[in-house]
Amino acid sequence: MAGFLSTLRRIYLSLYNWTVFVGWFQVLYFAVKALREGGPTTVYGFVERPLQLAQTAAVMEILHGLVVISFAVGLVRSPVSATLPQIGSRLFLTWGILWSFPETRAHILVSSLVISWSITEIIRYSFFGMKEAFGFAPSWLLWLRYSTFLILYPTGITSEVGLLYVALPYIKASEKYCIRMPNKWNFSFDYFSASILALAIYIPGSPHMYQYMLGQRRKALSKSKTA
């Protein structure tokens, strides 16, 4: 039974990783195409749907992490505590900022965001896709998986923070997603304040995550040298 579950797990994760890899490859292709044909202001229009699909598919990774907690046979080793903040912030930018506030879509930071995200995810999903499908990943792909974030994480985070900051005036003026009192739930919510809070979380959160990834890099590359 354990062998069957292990095989089923590998097939599922192989399909998942390669499917999302294709999605992110489309995002990068359309982003480059947009930059060549129309410039940075056109990037979002080219990548909107594949970006939304590829990024939203990452919700499954949170579920994969929860399965490790719930069952003896785990799907993945990645802790939810590391996965949730990254996916949550990206979903917030994808749906809560870019989709919700069209005024932000022509900003040049959209280009750096999309390119940073897509290159990172193309490498990551191909790495895990290779490991699940074939049981190994080439050393050069291992190095890319644990080294490209040194540049792409800062560019991606800078783009996220920049776009969130750019969106603040539009969030405040629109009152979108706000719940005002009085109401039957006796509850209020201010999206502008929540966005300010999200922006503030980046200050301690980003260095912490970067340090975490540096630790993961040291472990992974040291193992590859001794293997």
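Cβ atoms are placed via backbone N, Cα and C, with glycine included.
These come from TrEMBL:
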{"type": "TRANSMEM", "residues": "12-32", "note": "transmembrane segment"}
{"type": "TRANSMEM", "residues": "52-76", "note": "transmembrane segment"}
{"type": "TRANSMEM", "residues": "108-128", "note": "transmembrane segment"}
{"type": "TRANSMEM", "residues": "149-171", "note": "transmembrane segment"}
{"type": "TRANSMEM", "residues": "191-210", "note": "transmembrane segment"}
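Across 12-32, 108-128, 191-210, the stretch most heavily in contact with the transmembrane segment (149-171), judged by Cβ pairs under 8 Å, is 108-128. Within its own chain, the transmembrane segment (191-210) has Cβ neighbours under 8 Å at 82, 85-86, 89, 92, 96, 153-154, 157, 160-161, 164-165, 167-168, 171-172, 175-178, counting only residues six or more beyond its boundaries.
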